[in-house]
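*Asks:* Features from TrEMBL:
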DOMAIN    43-95  domain 'Partial AB-hydrolase lipase'
ACT_SITE  173  active site, nucleophile
ACT_SITE  344  active site, charge relay system
ACT_SITE  375  active site, charge relay system
């Protein structure tokens, strides 16, 4: 039987045959060479390409993970920690280049930028005891990001930021979920946060409009068992190999089909999605995470609360009760700005509005005015600067000036 790598190689050969001999009508997409170049650069090289300084830092967590943070340093600048969503990486905040990407915009304003890569993505796959091919390496969800990764990053950054006792925090999607976990479970860290900005915040998925997620959530236990029986603990499996296949398929053979899938997952917005950048997006997306992280989110689809991971029959041993406990969001008492869209299939506006009611110190509730603004527009949108980032920078300025 063909192994996974051989099967993918076989598919790539068939794809190449298809593209070269054009057995089926296919209008091959031609992309700008600079886009293709950026798609294959690592984040530090991408930052250097645009003439910004960059440093690579290794951050050790208490449970043994070694995380990578990409820093755009600014001497004397207020530190800003920016954290990506599920399957993303630090690339999400530099991918659009200067004048558009959040990291560059904030650097231009004089902030000291720290882009964290949480455990399991392509830049943070080291552990003191486990190798990435061991199941133990992948035994984490967004819970562990909140209780280990974020506290380690905050302590590391502040220890290297002379004169600063607080930092700004900006998270997208899972980067918000993990922060709310930290606030609930490690409330002492709220004193170290000057302002937390939540881009497409996720704590509950009860009103999630994603049909794929809602379908998978119905079969979460058999899916979990199936993944375990095949030894699949990482998403996507064999990340680098799978990336070659979907990169070629979606960039050159079936870009319209892949765009449709993206819109089914995140919300339709053709005006804000630049299809000429597909290779760039795909070159950096699906950076990797654990199956358990996805399962934890799926568990929230048919539960109204923000719950810890459900171990089912093991709950009494782990939690001392039959069902998983809720995270206590009343502990998250730092200043918070919420930014969310009307067309986001992963972050329903009503869920964010319910979240606001549980948080004690929300200083901004920003429902983005564009009717089609979706989950990926927060990092890939054509007009994300004017639709969102200008507001992000404005509230930071007000907090810095003591106006709020």
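Glycine is treated like the rest: Cβ placed from N, Cα and C.
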*Asks:* Could you tell me how many residues in the domain 'Partial AB-hydrolase lipase' (43-95) are helical, how many are strand and how many are coil under DSSP?
*Replies:* 11 helix, 19 strand, 23 coil
*Asks:* At the level of the C-alpha atoms, what whole-angstrom distance separates the residue listed as 'active site, nucleophile' and residue 375 (active site, charge relay system)?
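*Replies:* Distance (Cα to Cα, whole Å): 8 Å.
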*Asks:* Quick one: Cα separation, residue 344 (active site, charge relay system) versus residue 375 (active site, charge relay system), in Å?
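*Replies:* Distance (Cα to Cα, whole Å): 5 Å.
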*Asks:* Tell me which residues of the chain lie with their Cβ under 8 angstroms from that of residue 375 (active site, charge relay system), as long as they are six or more apart in sequence?
*Replies:* 173, 200, 265, 266, 267, 341, 344, 345, 346, 347
*Asks:* For the residue listed as 'active site, nucleophile', what is the secondary structure state per DSSP, taken as helix, strand or coil?
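*Replies:* Note: the residue listed as 'active site, nucleophile' is coil by DSSP, not helix or strand.
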